[in-house]
Amino acid sequence: MNPLLSFKDVSKGFEDVQILNEINIDIEPGYFYTLLGPSGCGKTTILKLIAGFEYPDSGDIIYKDKPIGKMPPNKRKVNTVFQDYALFPHLNVFDNIAYGLKLKKLSKSEIKRKVTEALQLVKLSGYEHRQIQGMSGGQKQRVAIARAIVNEPEILLLDESLSALDLKLRTEMQYLLRELQSRLGITFIFVTHDQEEALALSDYIFVMKDGKIQQFGTPIDIYDEPVNRFVADFIGESNIVHGTMVEDFVVNIYGQNFDCVDMGIKENKKVEVVIRPEDISLVSQNDGLFKAKVDSMLFRGVHYEICCKDRKGYEWVIQSTKKANVGSEVGLYFEPEAIHIMVPGETEEEFDKRIESYEDYHHA
């Protein structure tokens with residue numbers, strides 16, 4: 001089956017600034033996708049190109065096997081939920097949601113039925129006659145989502161839609177968005193710079209930097225096997241250290257050999273090693289793979305964040321549910337599976353091929 005939407009070598013610039021560089025993406029129907037990256041990486045520009053608010057300088061945008069790069073927004077089966085909601089302040093909730101349906105000249109009874117259903121979906125039944133000015137940020141966001149889904153788009157675009165909400169409301173809206181996507185089966189494309197939000201919501205994530213896709217995959221794939229230092233740093237906290245591959249399944253870190261699960265990398269190849277803070281355990285000095293001194297400890301609610309310095313002066317961050325005494329000598333321990341090897345300069349295609357070879361090896 002062909003993708004619902006594809007970008008084929010799409011580039012876009014504004015004046016002298018290149019925003020997107022030969023972007024290639026495929027969007028399958030019925031999944032929740034997230035474009036994740038820092039400000040200025042080009043993620044919102046991709047959304048604008050899908051919606052038809054901007055046109056590509058080069059390359060093709062294909063929707064259901066037809067090019068739509070120059071198609072006007074009103075001809076696309078796409079709706080957008082903006083960060084600032086973009087609601088009409090002079091209209092009540094019902095009329096805001098019904099606006100697009102009235103333009104389509106649907107009957108009053110059909111409009112009422114669709115608006116009522118949309119309000120039920122976003123858990124705002126009974127709010128039809130409320131004025132927009134008197135609503136909270138979370139309620140306005142739900143109205144904006146209802147206005148989008150009532151038109152039954154095939155793709156729903158969400159541009160930093162939760163960033164203006166406080167933490168509790170944002171969490172509630174995350175559950176609502178996942179529930180809506182699952183129930184309606186609409187393809188969601190969500191833009192955010194918040195990696196925790198991306199991990200919680202997405203079926204698939206595109207990690208972006210400087211107008212290019214750095215990595216595409218499921219949240220678990222990207223978190224567990226980042227393709228490069230940028231992705232490892234951007235998706236969660238990481239201990240990133242330099243190493244050298246000794247042979248298959250053995251990496252040398254700062255002069256000490258460690259078992260790992262990586263293979264297919266040239267011997268003596270310089271690599272970068274990622275070990276997540278939650279994968280490191282504080283143990284007795286005798287039980288540790290190496291020794292370290294506790295420098296500091298912060299309570300983060302669900303865990304303690306403990307900073308240690310090993311005897312060679314390198315810092316390690318550990319997330320633990322157990323306290324540690326600042327100044328104490330401890331052992332640090334991690335399993336071979338906790339070590340993730342990154343090869344500098346490796347393309348995503350080369351990286352994916354290497355990871356697939358591990359799976360083939362273990363299934364052989």
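Each Cβ is built from the backbone N, Cα and C atoms, and glycine gets one as well.
According to Swiss-Prot, the protein has these features:
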DOMAIN    5-235  domain 'ABC transporter'
BINDING   GLY37, PRO38, SER39, GLY40, CYS41, GLY42, LYS43, THR44  ATP binding site
For the binding-site residues GLY37, PRO38, GLY40, GLY42, the one whose C-beta sees the most other C-beta atoms within 10 angstroms: GLY37
Average model confidence [pLDDT] within the domain 'ABC transporter' (5-235): 92
CYS41 (ATP binding site), number of other Cβ atoms within 10 Å: 23
Listed binding-site residues (SER39, THR44), ranked by Cβ neighbours within 10 Å, top entry: THR44
Any further residue of that chain within 8 Å (Cβ to the Cβ centroid of GLY37, PRO38, SER39, GLY40, CYS41, GLY42, LYS43, THR44) of the recorded ATP site: HIS193, MET208, LYS209
Close in space, distant in sequence - LYS43 (ATP binding site), Cβ under 8 Å, 6 or more apart: LEU35, LEU36, GLY37, VAL191, PHE206, MET208
